[in-house]
Amino acid sequence: MAHCVTLVQLSISCDHLIDKDIGSKSDPLCVLLQDVGGGSWAELGRTERVRNCSSPEFSKTLQLEYRFETVQKLRFGIYDIDNKTPELRDDDFLGGAECSLGQIVSSQVLTLPLMLKPGKPAGRGTITVSAQELKDNRVVTMEVEARNLDKKDFLGKSDPFLEFFRQGDGKWHLVYRSEVIKNNLNPTWKRFSVPVQHFCGGNPSTPIQVQCSDYDSDGSHDLIGTFHTSLAQLQAVPAEFECIHPEKQQKKKSYKNSGTIRVKICRVETEYSFLDYVMGGCQINFTVGVDFTGSNGDPSSPDSLHYLSPTGVNEYLMALWSVGSVVQDYDSDKLFPAFGFGAQVPPDWQVSHEFALNFNPSNPYCAGIQGIVDAYRQALPQVRLYGPTNFAPIINHVARFAAQAAHQGTASQYFMLLLLTDGAVTDVEATREAVVRASNLPMSVIIVGVGGADFEAMEQLDADGGPLHTRSGQAAARDIVQFVPYRRFQNAPREALAQTVLAEVPTQLVSYFRAQGWAPLKPLPPSAKDPAQAPQA
């Protein structure tokens, strides 16, 4: 499971703080806390104190891990520091604000009003937070060939492969090993990419040793030759190096080399991350499809999967809240289309496989996750559960919007469809066709199985064992479906379902935009204060 975990740093500033000091302005400091569950908050860090300032811009950034698949609730507290003790209880509280880390990274720059307590603003005070990913996302891409390598095998030519080592801590560290090319003294190895940080520690002058060896199946590989270089020298393509065998060089005065290594391509490129796209303004458009087929059971019966408990919930709603609460932070307008399928709908009672939950086909958008919940509760008594379980219509519906977004040729939108269903899909072939077509578009499909039915067909759509194929043999361009049965998480922490089904989304989004060659949109520059007016701590 490829969780999206990376380190981000938060830059913080405030405006119009209330003054607690008599005869002067406050001396503010910001403390950052994270919700760790059970009503507890853990402190992650503090900025420096800025003296005598009501609109501080803190120079010390605060770092924390970012996880896409989790709602990371944060609390910022601003305090007027008038002593040297680390305790905050004896300092004046100037206001606080709460948000999620997802809101910060998707907003690029987030400004919130400071509150002294719920419902009581801290005057005109505001806090502004921006995030930056702490990551060297450069990769070095190379293509290398050799000429006239020494023959090492008695009954054939050599089976050469390359190894690249980085110098550090007085040792040589292996950073890349190529494939073996059998029986060839003039090989060209496959193009490869290595993170710059791993390849040379980020320093293009770091010594690099390259070894060319003859492969032996018992592990006793024979050295053909070696040379020393650096990333800076490798980039001077076409670069050519003599492959030297130290022992042969010492023994034979006439020794020249054991072949030459030629670097055909060596370039440093930026490999964009999920956060690069999100912080560049990419919107994640969230759509929900709910199964209203007869196999769910009569909603008025406590045995029905659609039965609403005395607290107004069921498995469908709990799954929706779990996933939706994470995704909603990445959609600026928080208007989500929501559909039902497999029911007879009024007024003509025809079976529909993509009816708007709010019964407004021209505007199926619901305001936030709560809006979807409200529409679902209102639709439930107005439809007749029927069948069959067809996924293709809703997948194709979302795919049409994804295709329009793709036509723009920018990394501005990505679509996520959440299907909540109680049983096996009926239109298997049509769904396969829809998923394979959608794999070429900026979208992902998440299926949550509700109830205890046999979900084997869903596992096939997940395609973790290999690419999904249509009946005609067309393969999916990438894996875009993630399926999980809800009951596997029934007794797990509430956030466990979202962590599992959303773990692959960052990789799916990045793989799509990378395949198209689309860089992130340029993020909006944070509003900067005049450095000449910045107070000193």
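Including glycine, each Cβ sits where the backbone N, Cα and C put it.
Looking up Lys73, Lys171, Lys190, Lys529 in Swiss-Prot, the residue bearing an annotation of N6-acetyllysine is Lys171. Checking each of the recorded positions Asp92, Asp159, Lys171, Asp214, Asp216 against Asp27 (Ca(2+) 1 binding site) by C-alpha distance, the shortest gap belongs to Asp92. For the domain 'C2 2' (123-245), residue counts in helix, strand and coil come to 9 helix, 62 strand, 52 coil, using DSSP.
Confidence for the domain 'VWFA' (285-505), expressed as mean pLDDT, is 93. Neighbour counts of Cβ atoms within 10 Å were compared for the binding-site residues Asp82, Asp159, and the top value is held by Asp159.
For the domain 'C2 1' (1-114), DSSP puts the residue distribution at 7 helix, 58 strand, 49 coil.
If you compare Cα positions, Asp214 (Ca(2+) 3 binding site) sits closest to Asp222 out of the recorded positions Asp80, Asp82, Asp92, Lys171, Asp222.
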